[in-house]
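According to Swiss-Prot, the protein carries these features:
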| type | residues | note |
| --- | --- | --- |
| BINDING | C107, C109, C134, D136 | Zn(2+) binding site |
| BINDING | K247 | ATP binding site |
| MOTIF | 10-20 | motif ''HIGH' region' |
| MOTIF | 244-248 | motif ''KMSKS' region' |
Amino acid sequence: MDKPRVRFAPSPTGYLHIGGARTALFNWLWARRNGGTFVLRIEDTDRERSTQLAVDAILDGLRWLGLDWDEGPGVGGPHPPYFQTERLDLYKAHAERLIREGKAYACYCTREELDAQRKQAEAEKRQFRYPGTCRDKPYDPSRPHVVRFRVPDAGATSWNDLVKGVISTPHDTLQDEVILRGDGVPLYNFGAVVDDITMEINLVGRGDDHVNNTARQILMYEALGYPVPTFAHFPMILGADKARLSKRHGATSVTAYRDMGFLPEAVVNYLVRLGWSHGDQELFTLDELVRYFDLKDVGATAGVFNPEKMAWVNHEWLKRRSPEELAKLALPHFRAAGLPAEDDEKLRHVCAVARERAKTLGEYVQQFRYFYAPIALDPKAKAKFLTADTRPVLQAVRDAIAALPALETQAVEQVFHGEAERRGVGLGKVAQPVRVALTGGTASPGMYDVVQILGKDETLKRLDEALRIAGEPG
């Protein structure tokens with residue numbers, strides 16, 4: 001069996017979305033497991049919507065996920081170029097060959113004529129199919145025309161899909177579709193076939209929204225006289241409402257999840273499990289995925305995208321990182337929020353306490369910004385815990401911390417425990433007013449960690465402000 005040559009062929013009309021990323025991942029894993037080749041091709045024939053910004057975003061997204069390509073933009077390869085707009089002569093040559101052999105023909109029908117036929121079909125409540133008006137007309141390259149592929153009148157085209165099994169499409173459900181526009185730009189099916197032939201792709205793995213294209217493409221392979229590749233159509237990714245995943249379900253681009261503070265290994269881990277499994281194992285390194293992944297284990301049932309489960313997976317991966325690693329990862333997120341964080345012991349301590357609480361690096365910033373910015377006092381917490389009744393506790397803790405030569409853990413703990421014992425109350429009666437004073441809210445890491453992270457000067461400053469508030473008339 002030949003080593004697999006697979007491809008990922010995105011259209012640069014937007015960011016790398018979740019569905020596309022999973023398609024790339026499945027192809028990449030299959031190539032890596034079998035010593036094959038992963039080709040990246042950019043299908044940029046939609047000139048109005050394709051942008052260099054989108055190309056860059058797709059490449060950046062793949063690199064961030066760790067999906068390197070063996071041939072394609074930036075790395076070259078034996079079958080250049082890797083942008084469809086640079087391959088127009090190739091499509092023209094293949095189309096003209098099909099015309100010469102009677103397997104395609106020039107269609108001279110005007111847009112107005114075709115629109116009139118469509119309207120008539122609508123009025124008669126039937127589906128419009130091109131009637132083959134120009135099938136037998138002589139080829140006149142001097143006349144404006146498109147090129148149509150000649151579909152056999154009878155029979156059916158079948159293939160054994162690696163994921164979906166045997167699929168058959170009757171030819172009478174197909175029409176003579178346009179394969180080359182008048183400006184020389186190929187339509188999707190023809191461009192993909194010519195590219196896959198010339199790039200020697202022998203396995204086409206893609207989303208199952210392309211199933212309906214497959215019979216048409218197989219007919220084109222056969223007409224051109226080339227071997228038909230193996231096809232694998234991966235199940236759709238749906239939102240919680242079982243509709244196709246879209247922006248209304250929340251973030252759908254890889255870039256968005258990177259910016260929210262997801263780790264690439266977590267995104268890869270979650271995406272691969274949307275359609276593939278290996279026993280009960282939930283978490284996989286990329287090396288493990290290369291070792292275990294098999295297309296025969298990809299299910300045919302659509303996967304439901306669950307942001308909460310994805311966040312859980314990310315949290316598990318964050319917990320595997322050391323505070324030192326987390327600090328380097330979290331620093332750009334703190335700085336992007338305008339917070340004066342540094343890669344220092346303070347940030348490492350913040351990450352150590354955040355690791356068990358926050359599921360994304362973005363949540364590190366959201367939940368613990370009070371370590372780097374003035375607190376935003378929760379009105380309910382302020383009304384309940386910064387009062388004349390709690391002022392003595394706040395004062396006692398403030399004075400005890402001021403007297404400490406250093407904020408060693410045991411000494412800080414003793415401040416809180418000692419005050420609770422002196423007052424004959426539970427630890428919460430002491431800690432909670434101080435927590436509100438130092439963080440602005442009623443939920444935080446342990447007060448010993450909070451005091452140590454803030455440092456003595458900032459802790460005393462915030463306690464002094466809390467004492468001022470607690471002394472105000474209610």
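Even glycines carry a Cβ here, placed using N, Cα and C.
Residues 42-44, 46, 49-52, 54-55, 57-58, 61-62, 207, 236-237, 245, 252-256, 271, 305 of the same chain lie 6 or more positions beyond the ends of the motif ''HIGH' region' (10-20) yet place their CB under 8 Å from a CB of it. For the binding-site residues shown (C109, C134), fewest C-beta neighbours within 10 angstroms: C109. Looking at D136, K247, the binding-site residues in this record, the fewest other C-beta atoms within 10 angstroms of the C-beta turn up around D136. In the structure as shown, the Cβ atom of C107 (Zn(2+) binding site) sits within 10 Å of 20 other Cβ atoms.
Under the DSSP three-state reduction, K247 (ATP binding site) is assigned to helix. A Cα-Cα distance of 38 Å separates C109 (Zn(2+) binding site) from K247 (ATP binding site). Across the fold, the C-alpha of K247 (ATP binding site) and the C-alpha of C134 (Zn(2+) binding site) stand 42 Å from each other. Secondary structure by DSSP for the motif ''HIGH' region' (10-20): 3 helix, 1 strand, 7 coil.
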